[in-house]
Amino acid sequence: MTTIYLLGMLSAFLFFYGFFPISTRTNVINNTPPSKINNVALKQHYFYNQSNFKKTVLIVIDALRLDFVNTKYMPLTTNLFQENGCSNEVKVETPTVTLPRIKALTVGNIPQFIDLVLNLASTESLSDSIIHSAHEHGKNIVFYGDDTWLKLFPNKFARHEGVSSFFVRDFTEVDLNVTRNVYAELKNDDWDIMILHYLGLDHIGHVYGPFSSLVPTKLNEMDNIIHTVFDNLSSKGEEVLLMVTGDHGMKDSGGHGGSTYSETHVPLVIIGHRCENTSLSQSDIPANLAVLMGVKIPSSSIGKVHRKLLQSNEDKYLYNLHYNSIILQQKGSCCHDLFEEASSHYIKYLNNNTDSISTSKAIKLYEKFLEKINDNLANSSVKQKETSLFIALCVIINIIIMIYSEILSKQNKYYLLFQKIVVLAIIIIQFNISEHLLVFSVMISILIILLFNNIYFLLPFNFHLTFSYLNFFVFISILHPLTFISSSYVEEEHQYWYFFNILFVLFNCVTVSKTKSKYDLLTTVVCLAMFRFLRTMNSTGDKWAMYPDLSGWLLKDENYFYYQLLFLVGLGSVLVAQYVLLLPKIPWNIHFISILTLCLIFIYKQQETSVILGRIAWFLVLVQLIMTYKLSKVIPWILIATLLLKPYNVILIPYCVLCSLYFSKHLSSTQDTVLYHTVLANMLYFAQGHSNSLASVDVSVGYTGLSEYQPIIVIAQVLCHIQAFPVLCHLLIFNNKQIQQREVWKVLFCNKLYVYLVTCIVTFLFRHHLFIWSVFAPKLFIEFVHLLFLCIEYLLVQVCVYIRRIHFLIQVTKIVFFKKYIVY
C-alpha cells in the first residue's frame, strides 16, 4: 500500500508540475531608449533620461484596500493628492500574496501562480526590474520594510533594514522599525530613491479583518507618515515624487490570496506630480515610474505607459509610446502591422513637425498597439506542459483502478507489482523527457493498454440500486468532484457538504424513529440542532462570506462575555469528549494533563502574543502524546486542534466526536464508516471558515509559541490548522478497534485521488477559462495540499508501525538472550 501512496503522490505532483506554468521567454530584449527611428534622429536626451524629480519615494502599504484612502481614514493624504497629484485604481492579478505582487510592482510582468508556494520562504533574486534600472543609472536607493525586497534585490540598496512579513501578530513594532529609519533618512541628502514597505495593516487584517477597530488607527498612522515625508522633502524646495500603493488588497473576512474585488483593487496615490485619475494594471506601474524617473523600462515589463499619469507634452509622450512599443514588439508576434503603421506616422511627424494629423494618428495607433500586445503577452506569458498533464491523468486513473482492484481483491499480486514498476518508470521518464513526442506516444499507449486491462479485470461490475448507507455515500463521493464543472459550485462547495450532511442525519432520523428508541431519536435531534447552530458560526464561500455571522458578532467588544462563555463551553465539551473516548479506562494522570492543557489554552487565548504560554501548551501536548501513545492517538490531536483553532471554533470538536461515536454505530462496514467520516470532515472543514479561496487560510496560527519567523514550524502549524478536522475524523475511525486499518487507508486514498483526478480534468479543460487563475487553479492547489497531507499522515503512521515492530523485536531478542545466557 505504501508503494501505491508514493506512486499516487508522484503522479499528482507530475500534473501539478505540468500545469502550474513557468515562464518560457529566454530571448534577450533591448530596452535602451532609442536614439533613431529608420535613420531619423530622435532627441533622446531631451525626451528621456531627464527626471524632473530630485527625490522619489515609493511607499507600499501591505494590504491597502482601495476604499481605505479617503477623507475619513487618511485625510492628510487625500488633501495632498487633491492639491498636487492624483489617485488611481490599480487592478491586481491573482494570486494576491506579497512575493508575486512585489515582482509585478518592480518588474512589470505577470508573476506565475506557483509564486504562491514560494511566498512563505523565498530566497530567489531578480535579474531585471525598475530597481536594477535605477541602480544602473547611478541612483542611490535606500530601503526599509518587508525583507522580501532584500531577497529579491541583494546588493542594490545603499542602506537598508528588513523586517519579517510573516510574524503577523506584530501590529506596531514592525512599522515603528521602518518609521525610525525614515526620520533618519529625511536628514540625509545622499539618496535619490527611498522605498518603504509597511506591514502592520496586513497583520491586523490577518488576525482581525479589515473592519477591526485597529484599522482606522493604523491608517491614521500611515497618513501622518505620508504627510511628514512629503512635507519635509518639499519644504527644502526640491521636486519630490511620492507614490503610495498597496501590493494587494484585503478580503472582507480578513486575509488575502483570492480574487474578490477588495483583494484585487488597490490605490496608486501620486503626490508631487500633476496627473489625472485613471485606472491601470499593477504591471503598468514600473513602465510609468521608469519614464517619470528617466531610467530604462525593465526589459521583462509588459506594461504600458498612460498619458493621464505622465502628463507630458505631445513630443515626449510620443517618444515614450515609441520606446514602450519597441520593447513589447520584441516579445510578441501579434500586431506588427499596427506597430509599423504607427512608426510610419511618427516618422512623418519627425520630418514635418507641423503635421498634427500624423501626430494624433501615431499616438492612437501606438496606444492601440500597446493595448493589444499587452493583452496578448498577458495571456501567453505562461505555457503548460501538456504531455505531462496527459501522462499524469492516465497514471492517476490507473492507480485508482489498482486501489479499487486491491479493495475487491480482483487482481493477481504479481501483476499489480508489474503495473507499479511500469507506472513508476513512466513517471520518472516523463519528469526527465517532457516534450519528446515519440516517447510520449509510447508511454500513453502503454498506459491505455494497462487501463483497459484493469477495467477488464473489474468486469463484471455488480452494483445494486437498493438504498443503503454505503450506496448513499458512494453516490455523494462520485458526484462531489463532478460539480466542479461549475465555477459557482467550486466557490460555494460548503453548500454541498452542508446539504448532504443534513440529508444523512434526516435519513438516520427516519430510520431510528422506526426502532422507537428515544435515546437515538433525541441524539439525532441534538445533532440537527447543533448543526444548525454551528453552520452560522462562519460565513464562507464567495457570495456569502461578506454576510454577518456568529463569529463576527462574538468578536465585537460588547459581546465579549458571550465570546468567553462559548469558549468555556467548548473547552468543557472537549474535556467530556476526551473522557468518553478513553472509556472504559481513564488513567488519572492522562485526565489531569488534559485539564491542565485546556486551562493553559484558555489563558493563552486571552493573550496570544505570549510565546512562553504557547510553548508550554505545546510541551504539554507532547507529554500527552507520549502518555497516550498506546491508548489513543485522538486525545493529543484534539488538544492540538483546540490550541490552534479560533476560540469560537473549539465547539466544533465535541460536535465531531459526538457525530462520529453515534453514527458509527449505525454503519455496518468499513467502507461506509470511512465515507461518512469523509463527509463529516469536509463539512467541518468549511464550517471552520475555510473556502476554496486561498484568502481563507489563517496564517496567524503558524506563530503559536514563536517569537520569530521559522518557516518549517509556521508551515507545519498552518497545515495542522487546515487539516484539523480531516485528521480528527481519520483518528476517530481508527478509534474503532474492529475497523481494518489497511482497508481504511485504501478507501481514503482512493477517494482523495479520485477528487484530485476530476479536479485535474476540470482544470485542464478550463485552462483558458476566464476564472482559471481565480477559481480553478486555487482549487487544484488546495486539493493537492489535501492529498499531500493524507500521504504524509499515512507515512507517519507507517513509520510508527515500523518503530513498534522494531521495538517488539528488540524486546523479544532480549528475552531470548536472557533465557539462553542468563538463566541457563
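Note that Cβ sites are derived from N, Cα and C of the backbone, with glycine treated the same way.
The average pLDDT computed for the domain 'GPI ethanolamine phosphate transferase 2 C-terminal' (440-569) is 85. Per TrEMBL, the feature domain 'GPI ethanolamine phosphate transferase 2 C-terminal' maps to 440-569 (among others).
In the domain 'GPI ethanolamine phosphate transferase 2 C-terminal' (663-780), the DSSP tally of helix, strand and coil residues is 85 helix, 0 strand, 33 coil. The domain 'GPI ethanolamine phosphate transferase 2 C-terminal' annotation in TrEMBL covers 663-780 (among others).
What TrEMBL lists as transmembrane segment is 389-407 (among others).
Here TrEMBL flags 437-457 (among others) as transmembrane segment. With a threshold of 8 Å between CB atoms, the same-chain residues lying at least 6 positions outside the transmembrane segment (437-457) that come near it are 387, 390-391, 394-395, 397-398, 401-402, 405, 410-411, 419, 422-423, 426, 429-430.
Residues 496, 500, 504, 507, 666-669, 671-672, 675-676, 678-679, 692, 751, 754-755, 757-759, 762, 769, 771, 775-776, 779 of the same chain sit 6 or more residues outside the transmembrane segment (469-490) yet have a Cβ under 8 Å from a Cβ within it. What TrEMBL lists as transmembrane segment is 469-490 (among others).
Taken from TrEMBL, the feature transmembrane segment covers 496-513 (among others).
Long-range neighbours of the transmembrane segment (560-580) within the same chain, counting only residues 6 or more positions beyond its ends whose Cβ lies under 8 Å from a Cβ of the stretch, are 554, 586, 591, 594-595, 598, 601-602, 605, 635, 638, 642, 647-648, 650-651, 653-654, 657-658, 661. Here TrEMBL flags 560-580 (among others) as transmembrane segment.
The feature transmembrane segment is assigned by TrEMBL to 586-604 (among others).
Residues or ranges marked as transmembrane segment by TrEMBL: 611-629 (among others). With a threshold of 8 Å between CB atoms, the same-chain residues lying at least 6 positions outside the transmembrane segment (611-629) that come near it are 587, 589-590, 593-594, 596-597, 600-601, 603-604, 635-636, 639-640, 643, 704-707.
Per TrEMBL, the feature transmembrane segment maps to 635-662 (among others).
Look at TrEMBL and you will find 674-691 (among others) tagged as transmembrane segment.
Distant neighbours of the transmembrane segment (711-733): 120-121, 166, 633-634, 637-638, 640-641, 644-645, 652-653, 656-657, 660-661, 664, 673-674, 677-678, 680-682, 684-685, 688, 690, 697-699, 701-704, 739, 744, 748, 785-786, 789-790, 793; these residues of the same chain sit at least 6 beyond its ends, with a Cβ under 8 Å from one of its Cβ atoms. Summarising the annotation, TrEMBL assigns transmembrane segment to 711-733 (among others).
Residues 8, 12, 15, 19, 259, 384, 389, 392-393, 396-397, 399-400, 403, 477-478, 480-482, 484-485, 487, 779-780, 783-784, 786-787 of the same chain lie 6 or more positions beyond the ends of the transmembrane segment (753-772) yet place their CB under 8 Å from a CB of it. The annotation transmembrane segment is assigned in TrEMBL to 753-772 (among others).
Sequence-distant contacts of the transmembrane segment (784-803) (same chain, at least 6 residues past either end, Cβ-Cβ under 8 Å): 2, 5-6, 8-9, 12-13, 16, 719, 722-723, 726-727, 730, 741, 745, 748-749, 752-753, 755-756. According to TrEMBL, the feature transmembrane segment maps to 784-803 (among others).
Counting residue by residue with DSSP, the domain 'GPI ethanolamine phosphate transferase 2 C-terminal' (440-569) contains 99 helix, 0 strand, 31 coil. Long-range neighbours of the transmembrane segment (674-691) within the same chain, counting only residues 6 or more positions beyond its ends whose Cβ lies under 8 Å from a Cβ of the stretch, are 253, 469-470, 473-474, 476-477, 491, 493-494, 497-498, 500-501, 504, 534-535, 537-538, 540-542, 545, 551, 645-646, 649, 652, 655-656, 659-660, 663-664, 667, 697-698, 722, 724-726, 728-730, 732-733, 743-744, 747-748, 751.
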